[in-house]
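A.B. asks: In case it helps, Swiss-Prot gives these features for our protein:
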ACT_SITE  His306  active site, proton acceptor
BINDING   His349, Glu355, His385  Fe cation binding site
BINDING   Tyr364, His385  homogentisate binding site
Amino acid sequence: MDQTSIQTSDGEAATANTLKYMPGFGNDFETESLPGALPQGQNSPQKCNYGLYAEQLSGSPFTAPRGTNERSWLYRIRPSVRHTRRFSNASYPLWKTAPCLDEHSLPLGQLRWDPIPAPAERLTFLEGVRTITTAGDAATQVGMSAHAYVFNEDMVDDYFFNADGELLIVPQLGAIRVFTEMGIMDVEPLEICLIPRGMMFKILKSGEQTVWRGYICENYGAKFTLPDRGPIGANCLANPRDFKTPVAAFEDKETPCRVHVKWCGKFYVTEIGHSPLDVVAWHGNYAPFKYDLRTFSPVGAIRFDHPDPSIFSVLTAPSEDAGTANVDFVIFPPRWLVAEHTFRPPWYHRNIMSEFMGLIHGQYDAKEEGFVPGGISLHNMMLPHGPDALAFEKASNTELKPVKLDHTMAFMFETRYAQQLTKYAAELETLQDNYLECWDGLERKFDGTPGIK
């Protein structure tokens, strides 16, 4: 990519050292990459400075309540109507959309996979998305899909926007550069980023490894927001100041480019003669952001018992039923375990919610073996799950002194809807055939006599 064609708010080429961000969650931001490009006192002047075009990008209906009303005003080199021409059909057969009831022979059950294989061919991020599960219905804007991605090639002249939902990207191996209409974000493992529905972007490699891998939650429903803290109060969990939105940056490039679109589960492509990432200035609250998971401030039991995992929610996308999420993004970060007379790992559970889990690095305390970084587990609604036999015996017999659970970061996409497995996931070579055996060592201890066994 020609770095000299990219200009940031400092008028410099966009390098890792020059990228800047604006702190806050849901703020009404303003930023310009050329002085005076942002109109003051109005949104739509008769003529914009620098010959720019004013355009509004709406993330909510005009009449949504003020607290959930989202829109941004963009001041760009060309209006978006010039960024699409006649569309033709495109195909990304491994990226599926709900409802998706693929036919496969894998029966219902608790499932776990090792990391998806590195590609033998050259793949961009867009070409490297592999859907594992789908839930709900994208056309009616409910539910989500869980994907893995693996790629090794930059999206140089290829751009993409997703009309079906917002994308929460969780890198696991390799940092990525996410160049959106509204600015540039460098995102490394242990960070996440969110790209709003309908926003144009491309993704580039960062670093020197041979493969880049991670996870994606495609949220079809109401957008992700911060969960209510309730009696926790005004602090802890994910604090708003730790979310970072990029400053304005634009790519001024007059070369053949392709714009790819996902709309109602189908893919289309159109060819244009310039970069669509041409927003010189913008203001508003509909914007991408990134977040460092290491800044999450966990709370937990400081005397006894194991609290519900909802205390580890970073973001939640609500449904129409209060307290029932369309999808939650939950992490299991480093933390101190201090509970007395308590089985400290997550307890055995059957749940109305369906849980897709991934591991960014380290070990997960309920599954010290078999669940590896880059791996995936799926525990669908009402299917039992919990610590394996090794973790149970260890936690049941260990000395209960304060212990720091360190060097770990697991996460969960949890939804109220059943997660339907794709044919790709059902037939993936990394599926662990012996996963259920992890509980085989949990033998009967009950013999009818009182006392600790």
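Note: Cβ is positioned from N, Cα and C throughout, glycine not excepted.
Note that the structure is predicted; figures quoted are calculated from it, not measured.
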A.B. asks: For Tyr364 (homogentisate binding site), which residues in the same chain are close in space, meaning a Cβ under 8 Å from its Cβ, but six or more apart along the sequence?
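C.D. replies: In sequence order, the residues whose Cβ lies under 8 Å from that of Tyr364 (homogentisate binding site) (at least 6 apart) are Phe332, Met357, Phe371, Thr408, Ala410.
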A.B. asks: Neighbours of the Fe cation site His349, Glu355, His385: Cβ within 8 Å of the Cβ centroid, same chain, sequence order.
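C.D. replies: My list of surrounding residues reads Pro346, Arg350, Asn351, His379, Leu383, Pro384, Gly386.
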A.B. asks: Using C-alpha positions only, work out which of the binding-site residues His349, Glu355, His385 is nearest to His306 (active site, proton acceptor).
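C.D. replies: The smallest Cα gap between His306 (active site, proton acceptor) and any of the binding-site residues is with His349.
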A.B. asks: Give me the non-local Cβ neighbours of His349 (Fe cation binding site): same chain, 6+ apart in sequence, Cβ-Cβ under 8 Å, ordered along the sequence.
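C.D. replies: Listed in sequence order, they are Pro384, His385, Gly386.
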A.B. asks: Relative to the Cβ of Glu355 (Fe cation binding site), which residues of the same chain, six or more apart in sequence, are found under 8 Å away?
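C.D. replies: The list for Glu355 (Fe cation binding site) reads Ser377, Leu378, His379, Asn380, His385, Met412, Phe413, Glu414, given in order along the sequence.
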A.B. asks: Around the C-beta of His385 (Fe cation binding site), how many further C-beta atoms are within 10 angstroms, looking at every protein chain?
C.D. replies: 20
A.B. asks: Would you count the other C-beta atoms found within 10 angstroms of the C-beta of His306 (active site, proton acceptor) for me?
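C.D. replies: Around His306 (active site, proton acceptor), other Cβ atoms within 10 Å: 15.
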